[in-house]
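Asks: This structure is in structure tokens; I'll ask about it shortly.
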């Protein structure tokens with residue numbers, strides 16, 4: 001009936017607006033039951049269960065055989081690792097797989113079977129589940145004794161497919177690969193040519209004493225290529241050139257040319273190309289997100305204009321403000337945005353909204369989140385007003401920074417004086433006394449600021465919350481120290497009592513005081529700009545962190561599958577646990593390689609633990625080791641790090657431009673997202689584009 005149709009249109013508008021808020025596609029079923037299922041699927045509870053399931057399936061690697069549940073990695077001191085009985089981790093996996101089967105079934109149903117066959121991610125999702133379940137059945141049939149588990153390497157896919165931003169980022173990276181490949185090809189050519197030169201320069205001679213360069217680094221083509229590849233990372237510099245340099249200093253020209261061309265030119269050229277290309281593709285991705293938002297809002301307008309109560313108009317469609325208010329009351333959205341839209345709606349004197357007016361109302365979603373600080377208290381007393389002016393003035397904050405600096409300097413002086421003293425010779429009186437003085441000052445400063453600004457305004461600043469929290473912790477620690485060990489006095493070295501010794505308590509206080517010195521950051525504009533850029537990256541670039549986690553996880557599992565038990569340490573057993581025998585150690589070694597710390601560091605080589613070259617000494621796994629480690633270095637250190645640098649530059653440049661073109665507002669904090677970062681350069685989609693896309697909707701049939 002008429003009321004049922006109106007209810008359906010209202011529910012469709014609610015879902016379309018929620019899609020617009022979350023940048024989701026609107027190409028899903030729009031009948032009553034499907035809309036209920038759709039809202040339930042995207043509810044916080046359902047998404048929380050899905051996120052928990054993904055976390056569990058990834059975390060299983062830490063407890064399944066080979067287990068990582070040991071305190072120390074050194075086999076001399078650790079107890080045998082607890083390995084779960086057959087069926088325990090498999091039961092967890094089965095529960096997770098059942099959730100994923102439900103997830104893919106709901107997704108497939110909601111988009112419709114025609115759209116399903118066009119969706120490559122859903123097809124890959126189903127294929128991954130089929131392979132994982134087949135491998136799980138094989139595992140149980142062998143009573144968990146099989147060494148190869150294919151499903152382990154597929155687990156990161158579940159994280160990847162659940163994040164739309166990660167999929168967009170991956171698509172952007174994929175589009176950037178042709179340009180990156182051209183520079184990588186040039187890098188490979190550079191490496192090959194210099195390898196040939198090296199083999200000719202350092203060829204074997206009759207004098208064995210003069211052949212150290214050939215023996216160690218350039219004996220054959222694979223060794224030569226590997227030596228120069230590691231030199232490209234600067235991990236074996238200057239070791240690789242020392243034998244040749246000892247023979248003839250002119251040989252250093254070869255290594256200098258190789259390093260300058262490879263590191264200074266080609267690697268930086270790669271960074272420049274990645275920055276230029278990836279920024280463009282990310283911009284396109286954000287442009288498509290904006291289109292999705294505008295399309296969702298326009299779809300909501302079109303269905304609301306179809307309400308039976310809306311007066312028909314042959315020329316133009318309209319939506320009643322009453323219908324929009326009804327929709328807004330049920331929409332799940334940020335309270336700030338909802339209130340702003342409702343305010344704008346009340347200020348509008350008209351009873352009906354055109355498409356342009358409707359779209360303009362929802363532009364509130366695109367604006368910066370603004371946090372305005374509460375006002376300071378208004379004192380009637382003239383004396384209190386003077387106190388408020390004095391202690392609320394920026395100079396009082398600068399004085400606090402000077403006092404904090406003096407505290408840091410005094411701690412440094414005491415640490416330098418006591419550096420060579422035995423614990424029995426050390427006198428903690430001076431350090432205890434100055435800490436007591438400075439902590440009392442910090443407490444007084446905090447109370448005076450609260451008096452001047454009011455508690456609500458004081459707590460509205462993150463820097464003040466940080467400062468106040470550390471001051472309270474310091475005061476509690478100081479009171480606990482006095483309660484246990486008494487007040488400071490010359491020769492203050494009481495015996496160990498309670499949980500911590502006096503020296504431990506003093507050290508903990510000093511570490512917190514040093515940490516508290518970070519309060520100066522907001523007072524230094526350039527430093528504050530750098531820090532806020534980094535914080536924005538942490539908050540907004542979760543997609544990059546997710547992709548890095550996927551790569552780390554996949555390579556760690558592959559490392560266990562390829563090299564488990566292959567590395568047997570020689571001689572000293574100090575690094576006996578550092579191999580690919582458990583998931584944690586595999587992650588640890590890969591993190592070292594990502595930072596180019598242990599391709600063949602001297603310490604690791606001495607212990608027989610050179611990560612790459614030691615593995616290459618095994619003839620059976622030589623080729624696999626090369627492919628594995630070079631692929632990891634290329635993906636993590638070359639490609640991913642350069643992508644991160646590109647986004648860091650983009651974020652910093654954007655903030656710098658805004659800082660130069662916008663007046664500083666002390667009481668307002670602007671919070672940016674990735675979409676808002678490019679808001680100034682995005683193009684608004686034309687109405688014709690939106691309507692054409694709406695008419696192509698597989699499940700929504702508009703009247704006009």
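Each residue, glycine too, has its Cβ placed from N, Cα and C.
Automatic prediction, not curation, is the source of TrEMBL annotations.
These figures come from a predicted structure and were not determined experimentally.
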Asks: Can you check which of 588-609, 610-631, 632-653 TrEMBL lists as transmembrane segment?
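Replies: Comparing 588-609, 610-631, 632-653 with TrEMBL, transmembrane segment matches 632-653.
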Asks: For the record in TrEMBL, which of the ranges 45-63, 64-82, 83-101 is the transmembrane segment one?
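Replies: Checking TrEMBL against the ranges 45-63, 64-82, 83-101, the transmembrane segment one is 45-63.
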Asks: Under TrEMBL, the annotation transmembrane segment belongs to which of these stretches: 19-41, 157-179, 180-202?
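Replies: Within the set 19-41, 157-179, 180-202, TrEMBL attaches transmembrane segment to 180-202.
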Asks: Do you know which of 364-387, 508-531 TrEMBL annotates as transmembrane segment?
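Replies: Transmembrane segment, as annotated by TrEMBL, spans 508-531.
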Asks: If I go by TrEMBL, the feature transmembrane segment sits on one of 395-417, 671-693. Which?
Replies: 395-417
Asks: So, does the transmembrane segment (632-653) come close enough to the transmembrane segment (253-275) to give 3+ Cβ pairs below 8 Å, pairs being at least 6 apart in sequence?
Replies: yes
